[in-house]
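Q: To start, I am sharing the structure in question, which I have written as structure tokens.
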Amino acid sequence: MVGWDRIRPSRPTRLGRGSDSNPRHERIPSSRTVRLGRVQPQAPGHRTIYCNDRDANLPVRFKGNSISTTKYNFFTFLPKGLFEQFRRVANLYFLTISILSTTPISPVSPITNVLPLSLVLLVSLIKEAFEDWKRFQNDMAINNNPVEVLQDQRWESIPWKKLQVGDIVRIKQDGFFPADLLFLASTNPDGVCYIETANLDGETNLKIRKASEKTWDYLTPEKASEFKGEVQCEQPNNSLYTFTGNLIIQKQTVPLTPNQILLRGCSLRNTEYVVGAVIFTGQETKVMMNTMNVPSKRSTLERKLDKLILTLFATLFAMCLIGAIGSGVFIDRKYYYLGLQEDVENQFDPNKPFVVTILTMFTLITLYSTIIPISLYVSIEMIKFIQCAQFINKDLHMYHIETNTPALARTSNLNEELGQVEYIFSDKTGTLTRNLMEFFKCSIGGEVYGTGVTEIERGIAERDGIKLMESKKSANTVQERGFNFDDARLMRGAWRNEPNSDICKEFFRCLAICHTVLPEGVESPEKITYQAASPDEAALVTAAKNFGFFFYRRTPTMIFVRESHVDKMGKIEDVSYEILNVLEFNSTRKRQSVVCRYPDGRLVLYCKGADTVIYERLAVGNDDIKKVSREHLEQFGASGLRTLCLAYRDLSPDIYESWNEKFIQAKSSLRDREKKLDEVAELIEQDLILIGCTAIEDKLQEGVPTCIETLARAGIKIWVLTGDKMETAINIAYACNLINNEMKQFIISSETDAIREVESRGDQVEIARFIKEEVKKELKRCLEEAQTYLHTVSGPKLALVIDGKCLMYALDPSLRVMLLNLSLNCCSVVCCRVSPLQKAQVTSLVKKGARKITLSIGDGANDVSMIQAAHVGIGISGQEGMQAVMASDFAIAQFRFLTDLLLVHGRWSYLRLCKVITYFFYKNLTFTLTQFWFTFQTGFSGQRFYDDWFQSLYNVIFTALPVIMVGLFDKDVSASLSKKYPEIYREGIRNVFFKWRVVAVWAFFSVYQSLIFYYFVTTSSSGAHNSSGKVFGLWDVSTMAFTCVVVTVNLRLLLMCNSITRWHYISVGGSILAWFCFIFLYSGIMTTYDRQENVYFVIYVLMSTFYFYVTIILVPVVALLCDFIYQGVQRWFFPYDYQIVQEIHRHEPEGRTRTELLEIGNELTPHEARSYAIAQLPRELSKHTGFAFDSPGYESFFASQLGVYAPQKAWDVARRASMKSRPKIGQKK
């Protein structure tokens, strides 16, 4: 900081030189000093900004205000885009193969490998370009927004992107701040403005900002042009709620706090205009530094897919090695007819068997390259994207009408991960509960007030078999949002008659004064609205209003309260309290304090906060009230209420003045300001007198208990991680069916007599050692007990409850394994009093330690780390802003929507993608193996069996579309049955559809079918001949074999489907038709440059023979017979869970109907009802085929069964007789 001391004295000289009568006298030393100061490197961790002086800021080269959120630019798109694509092993492999295919050793034309690779890369790059173009357009729109900047004593409009650090700008009402600004002046009195931070954190409540008194006058352009200040502040960082800096103006240092900073992205409200100086621009603004990409997550299925690809590489290598060794052995001059005598190329030189082996190896690698499915990745991406955009985002079952919020998939990488989740980590407030706080009960001076019964209390009573009497509401009950309190003893001034009326007065004043709430609207109790940082704050101020202490106006230094019944009943007076200091709430302090001065000069500190921190700071004495209030706190906690303690302290002017000096000093500090402010706050927040405590109810969200019960039946274990007290957390867990009386509960708490006794001594080292020992002892005891229960046949389910202090020690590396083992044996785990970091640590513990698939769900900024730590992060778009949503992978409006997201969409996605991957594996292996068997009959020479174009288009045209249809539309059971039988979700947790056993079965059928294709066709064709009497040649046989392959693999896809839609028929029929159209054209054309002139007219020759038609029918039937038998045996004797559900409901119509989706009920005209009934009849749209080809349903038969008239179709007659034996479903009388 020595450099700073040298610079400071010189600045006022420079600032003042414009008005100096003799500038030359000062100029030389001044400019020299300043120049030295400017070219020096910035002090570590700080920057200096000269306001309203672009030239002075020029040497530092601050970043411009233009922002870019694109991944690419014009020059980097191709290299960077290709680099991204070739990071995938399969694409890199095909690039190598394409390069190899251009060499003389390649048996195939380069087009064979280059074409599919080019198509895949083209599709991927077009997708990347489209997404980036959208980002670029959005950036351009933002960068070209106009803003008024001070130039030559007038406001000039320039685009945001031309703004520079140090510029003076004017922002009008409802305008957005273009950069991070230092707030200088406002049209509002006292230099105040109101801002909305919705773009930053989603909170719509207004925040108050106050300019420093030294800059209030710089409002007009003439006055603002005189402003020459130097800002010394922190370097750009991503902390939205902190700022440390000083403004040096007119030889005075003014401390700057977050209160004087207007962040980019926020908007101005209720203020005509403000003037500010630009501090951080563009990518260095706090909002841009917070737009970090969500951690890149890859699904477990995708990682297993990599292993499958590696297995295919190994298979490819083995096949090539066999062929290469065979080639080295086979090459011999005795085969004189091969012409291997003299001047033969190296690949076929009998004198160099080793060279032959090596070269043949490379030849076969290019020949068998189709074993790796090149279009697999792009197909999966396409399927996942459509699943998100069309199915998840548009599901009306996950649409919340009240808030008009649909589900939102923010990434398409993790769809199938939703079908394999085993552990859910949930926040409590706003996630399980509504985060709509209502003042419900309170304790004042040791007396409980409030007669209501909470949902939790009803649940406890129901559990214990007690019937609760509904309490009658008194005549004076007030019903208002945030206030659900009923007790005549406190309402309408009745508190004056209470024995503790003075304490009641302090209680109400504390509620009305100790807060950061902003009133809005007309200053009357009925019409005013409160803008609060949290729903709790608003509820407490609303309570004060209803008790007769109406807070109606605030300025930066004053709070105005309309007090009723204070001196005598019915008397109303307006009282103004001067706010001297606000000691703000943060997660470390867990309390908030206000120092205020009464009109009569009385100085009071009001404090509210968590019971643990308030009790530590109470004055000695009043033990009775402390004890009774603690009992009341526990009672409120047991009822599931959120509690806060209220306390106050009278201050003498001397004590306050000496403390205030330290406070101002700490506030002006550039280093560790937050820490110093906390330390200074500790000095005055002591010797407090307890007033009482508040109890606020946060009701459970609709459908939470049912959702948790359903998820538990699906085999999912739910952990609740909350900052609430243990009693509250346990009772919420009871209320939402997470814990019940049948469970054995293990409770590990730091609130024990032994721990309290050690803590009272104050030795931090001893406290840490003792708690760690206690936690170790408890973990060991609980683990031993848990293992004894697990070894019994009918042992109870287990639940673990642990608090944050114990968890801190349990997460120590020496105890972590013990905690994990105990937790994994429990069905439910509740962690209370935990910090955001601990939430993330617990999630990582299970994710990495147990290697289970985890999901985190939360709604607030304190849940972000937990959401990002889990495999899948879900954000609830609720009351606490959008930070959780912005960090999440999926966003939903209510916890209960998890049922649909996991059990329906997650399970379907997992099932579909497993089928897509295994089918790709099967079809490519089958195709490549036919070429492999041919190698044995060609002396391992690397002669190709198929034409180059056949090989190129096999993956990208002839078999591409049907598998995408399976990935989009296959459905084993309906959505309603998925939720009715949540147990079928367990198959995803066990990953039964993508085990090596499943892959081995598919591999077996690939080998079997490839043998059928090759040997059946080659053997049968040896005796066949065309119409001119010639025997079939190589290209006739290979075209016949390829036709059989295309037909069979497409029909095999229908065999594996659980439901068949018209899209399946169109895609399968279209793929087979595409092959015939292609071969008709391809074999009908011959050019002079055509390398494959032998294919000319092949298909026409083949189709003129009877042999072609017999083979095209017989080969697919024989090839698929084995699959057919296997599926039948598997379904009958070893069925999957979903197949059992299919059999139970095989005669029932589809579960999720259009009526359910649109909730239109039965409000239909008779004509509409008839049309609708016909539309709902069973048909080709979706039916469960099981293992065989089921016949399509026909309208008129089912119509008669359901009592709906539908015209008869000619083809129905043949079907009618066979259908009569079926049970009639839903027949109308």
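Every residue gets a Cβ built from N, Cα and C, even glycine.
Those TrEMBL annotations? Automatic predictions, nothing curated.
Not measured: the values here are computed from a predicted model.
As listed in TrEMBL for this protein:
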type	residues	note
REGION	1-31	region 'Disordered'
DOMAIN	49-113	domain 'P-type ATPase N-terminal'
DOMAIN	144-206	domain 'P-type ATPase A'
TRANSMEM	308-331	transmembrane segment
TRANSMEM	354-378	transmembrane segment
ACT_SITE	ASP427	active site, 4-aspartylphosphate intermediate
BINDING	ASP427, LYS428, THR429, GLU537, PHE585, LYS608, ARG642, THR722, GLY723, ASP724, ARG833, LYS839, ASN862, ASP863	ATP binding site
DOMAIN	885-1135	domain 'P-type ATPase C-terminal'
TRANSMEM	916-934	transmembrane segment
TRANSMEM	954-973	transmembrane segment
TRANSMEM	994-1017	transmembrane segment
TRANSMEM	1032-1051	transmembrane segment
TRANSMEM	1063-1085	transmembrane segment
TRANSMEM	1097-1126	transmembrane segment
Q: Averaging the per-residue pLDDT over the domain 'P-type ATPase N-terminal' (49-113), what integer do you get?
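A: Residues in the domain 'P-type ATPase N-terminal' (49-113) carry a mean pLDDT of 83 in this prediction.
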Q: Could you tell me the C-alpha distance between ARG642 (ATP binding site) and ASP427 (active site, 4-aspartylphosphate intermediate) in angstrom, no decimals?
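A: That comes out at 15 Å between the alpha carbons.
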Q: Thinking of Cβ pairs under 8 Å, which stretch from 308-331, 354-378, 1063-1085 has the most of them with the transmembrane segment (916-934)?
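A: Answer, by Cβ pair count: 354-378.
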Q: Against which stretches of its own chain does the transmembrane segment (1032-1051) lie, if we need a Cβ under 8 Å and a gap of at least six residues from its ends?
A: 922-923, 926-927, 930, 945-947, 950, 954, 958-959, 962, 1009, 1013-1014, 1017-1018, 1021, 1024-1026, 1068, 1071-1072, 1075, 1079, 1083, 1092, 1094-1095, 1098-1099, 1101-1102, 1108, 1111-1112, 1115-1116, 1119-1120
Q: May I ask which residues of the same chain, at least 6 positions away in sequence, place their Cβ under 8 angstroms from the Cβ of GLY723 (ATP binding site)?
A: THR429, GLY804, CYS832, ARG833, VAL834, SER835, ASN862
Q: Under DSSP, the domain 'P-type ATPase A' (144-206) has how many residues in helix, strand and coil?
A: 10 helix, 31 strand, 22 coil
Q: Have a look around ARG833 (ATP binding site) and count the other CB atoms within 10 A of its CB, chains all included.
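A: There are 24 of them.
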Q: State the Cα to Cα distance, in Å, between PHE585 (ATP binding site) and ASP427 (active site, 4-aspartylphosphate intermediate), rounded to an integer.
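A: For PHE585 (ATP binding site) versus ASP427 (active site, 4-aspartylphosphate intermediate), the Cα atoms are 21 Å apart.
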Q: For the transmembrane segment (1097-1126), what are the same-chain contacts with Cβ under 8 Å, counting residues 6+ beyond its ends?
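A: Same-chain contacts beyond the ends: 1001, 1005, 1008-1009, 1012-1013, 1016-1017, 1020-1021, 1024-1027, 1035-1036, 1039-1040, 1043-1044, 1047-1048, 1051-1052, 1055, 1076, 1079-1080, 1083-1084, 1187-1188.
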Q: Which site among THR429, ASN862 has the most other CB atoms no more than 10 Å from its CB, taking these as binding-site residues?
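A: Max Cβ neighbours within 10 Å, all protein chains included: THR429.
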Q: Just to verify: the residue among ASP427, PHE585, ARG642 with the fewest other Cβ atoms within 10 Å, which of the recorded positions is it?
A: PHE585
Q: Given that the record lists ASP427, LYS428, THR429, GLU537, PHE585, LYS608, ARG642, THR722, GLY723, ASP724, ARG833, LYS839, ASN862, ASP863 as binding ATP, what is the largest C-alpha to C-alpha distance among them, in Å?
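A: Binding-site diameter by Cα atoms for ATP: 25 Å.
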Q: With a Cβ cut-off under 8 Å, give me the same-chain residues at least six positions beyond the ends of the transmembrane segment (954-973) that come close to it.
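A: Hits for the transmembrane segment (954-973): 115-116, 119-120, 370, 373-375, 379-380, 382-383, 386-387, 908, 911-913, 915-916, 919-920, 923-924, 927, 981, 984, 1042, 1045-1046, 1049-1050, 1053, 1056-1059, 1061, 1063-1064, 1067-1068, 1070-1071, 1074-1075, 1078, 1138-1139, 1141-1142, 1145, 1151, 1182, 1184.
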Q: Counting only residues 6 or more past its boundaries, what in the same chain has a CB within less than 8 Å of a CB in the transmembrane segment (308-331)?
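A: Cβ under 8 Å, 6 or more out: 89-90, 93, 340, 348-350, 353-354, 356-358, 360-361, 364-365, 368-369, 371-372, 917, 921, 925, 928, 932, 935-936, 939-942, 999.
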Q: Summarise the domain 'P-type ATPase N-terminal' (49-113) as counts of helix, strand and coil residues per DSSP.
A: 33 helix, 2 strand, 30 coil
